[in-house]
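According to Swiss-Prot, the ATP binding site annotation covers ALA315, PRO316, GLY317, VAL318, LYS319, GLY320, MET321, LYS336. Among the features that Swiss-Prot reports, active site is placed at ASP371, with the record citing sequence analysis.
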Amino acid sequence: MTISPETLAKSILDGFHSHYRRFQVLTQGARERFLKRDWTAVVSAASERIHYYDHQVGTTAKKVERRVGTELDEGLWLATRQRYQQLLKFHPQAELAETFYNSVFCRVFDRAYFNNDYIFVETVLANHIPVPVENECHSYFPVVDGLEGTLTRVFEDIGLGGEFENFENDIEQLRDKFFERATETDIEAHNLRIDVLKSPFYRNKAAYIVGRVVTENNHYPFIVPVLINSQGKLYVDAFITRSDRMATIFGFARSYFMVETEAPSALVRFLKDLMPHKTLAELYSSVGFHKQGKTEFYREFLHHLRRTDDQLSAAPGVKGMVMTVFTLPSFPYVFKVIKDRLGGTKEFGRQTVIDRYRMVKRHDRVGRMADTLEFVDVALPLKRISADLLDEFKQTIANSISIEGDTLVIHQLFVERRMTPLNLYLEYANDEEVDAAMDDYGRALKEMMAANIFPGDMLLKNFGVTRHKRVVFYDYDEVRYLTDMSFRRLPENDWEVSYAPDDVFPQQLAQFAVPQAKYRNKLLKRHPELIDSAYWCRVQKNIRKGELTDVFPYDADLRFTRRF
């Protein structure tokens with residue numbers, strides 16, 4: 001039976017609507033999980049939301065296959081793409097629906113057809129009628145209600161749903177911090193507007209209120225974290241201003257927020273205004289639309305290639321035994337491809353590496369593990385690949401590449417934000433920077449432990465330093481759940497030592513991970529418990545009991561004083 005472009009386009013769009021409804025249901029549950037302090041459910045929902053996209057793409061792709069087969073009818077699909085484009089003109093999630101169409105098409109057909117004739121390599125939404133940013137926020141005018149009255153209205157409207165521990169104290173502290181910031185920026189409370197996004201941003205054990213202060217000549221971002229105590233009472237924890245601090249909270253090493261929105265593009269435009277250095281890819285990912293983040297990243301990369309002429313080359317640092325890593329010097333990312341033969345004594349294979357990278361993707365990254373984007377069949381112009389890198393490809397990842405004319409296709413790769421490897425950073429750092437970096441390295445280990453992550457290979461080369469001087473882990477091939485490991489104290493006599501595959505002896509960790517004594521001593525001065533097996537076992541025990549340690553994405557000195 002012949003199918004019309006109209007029917008085919010609507011069938012794919014129906015698949016997208018099913019996905020988005022499920023996405024919204026999982027997101028809407030964030031408030032109840034927060035109020036119930038059901039942190040286990042928080043983790044499960046975050047993982048399910050990431051997984052569900054691929055499930056719905058697969059379901060829709062099978063329906064398409066049943067109707068049209070896997071042999072491409074060029075006329076039908078050219079017309080289907082055109083009709084689908086028309087359906088999106090007034091669609092509130094148009095950019096996400098474009099990406100969903102691409103995912104379905106690419107699941108069904110050969111990569112030879114992955115071009116702008118059949119899919120949306122480039123967006124066609126330039127003429128799309130965007131949902132106004134104002135659709136996503138409420139505006140308040142302190143000249144009418146006064147600052148305290150305005151702040152009270154913000155909390156009433158946003159609907160957190162719980163009772164506050166000491167609401168009057170929270171409002172007073174917010175007011176004081178607001179006036180402190182107003183003095184710094186020379187603004188007056190009666191001469192401004194406050195815009196607040198309608199829905200709270202939920203992540204881990206906190207809800208965040210996000211907004212901006214708009215004056216005649218400027219605007220200023222702010223974010224208000226709200227926590228919940230052991231009795232289920234809410235309290236405001238801080239009033240955070242400055243774009244760089246907000247960027248850290250929305251950082252690439254953190255889990256995705258859950259925030260309700262009918263118009264993601266409007267939400268992202270609001271956030272982009274507050275954090276102009278963030279890319280669209282980063283912002284879409286940060287609010288849970290990670291597939292849209294991939295789409296935006298790929299478009300950014302293609303545009304960057306057209307504007308530049310530098311060559312892809314090996315990434316700086318010690319070469320790993322599992323991944324071939326390369327970069328484009330003018331583009332702030334690294335590309336990682338699993339080697340054909342894993343080096344050293346690695347007792348696992350390719351699929352284990354893939355599974356572990358995906359595990360981290362779904363897990364709470366607590367600001368200490370870089371997000372990854374996974375791509376298949378990525379086409380790169382051969383002329384942009386240096387001769388040395390091409391030779392390295394042929395020697396290490398020959399099974400993962402193919403050359404088609406003037407294009408090199410990588411069949412699977414992972415992308416991460418480029419950072420300065422910690423071992424290289426330390427070589428050029430001054431004493432103060434070394435102290436801070438080794439302290440933060442220890443904090444990173446502890447925070448990953450608290451999130452039930454054992455990094456496995458803790459060598460300094462597997463950690464990077466961000467532009468905010470934060471230490472972040474990025475090498476996941478040996479990652480395990482902390483609760484799967486057995487932490488033991490070393491026997492006094494060597495002959496008494498016996499090893500099982502999951503055994504770890506913390507007394508040896510510092511020496512193995514940080515062989516240079518000058519760095520190791522600084523680490524152990526700040527974090528001596530890292531070589532105490534009892535400490536690791538205590539953390540393990542707490543995790544098994546469902547007790548999650550608080551890890552705040554902002555400095556402790558920004559936190560409010562609680563008054564009961």
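From the backbone N, Cα and C atoms, a Cβ is placed for every residue, glycine too.
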Distant-in-sequence Cβ neighbours of PRO316 (ATP binding site), under 8 Å, six or more positions away: PRO421, LEU424
Residues that sit under 8 angstroms from LYS319 (ATP binding site) by C-beta distance, when 6+ apart in the chain: VAL325
Sequence-distant neighbours of MET321 (ATP binding site) in its chain (C-beta under 8 A, six or more apart): LYS339, LEU342, GLY343, GLY344, LYS346
Neighbouring C-beta atoms (10 Å sphere around the C-beta of ALA315 (ATP binding site)): 20
Winner by Cβ contact number (other Cβ atoms within 10 Å) across the binding-site residues GLY317, GLY320: GLY320
VAL318 (ATP binding site) CB neighbourhood, other CB atoms within 10 A: 12
Between ASP371 (active site) and LYS336 (ATP binding site), the C-alpha gap once rounded to whole angstrom: 13
Listed in sequence order, residues with CB under 8 A of LYS336 (ATP binding site) and six or more positions away: MET323, THR324, VAL325, LEU413, PHE414, VAL415, GLU416
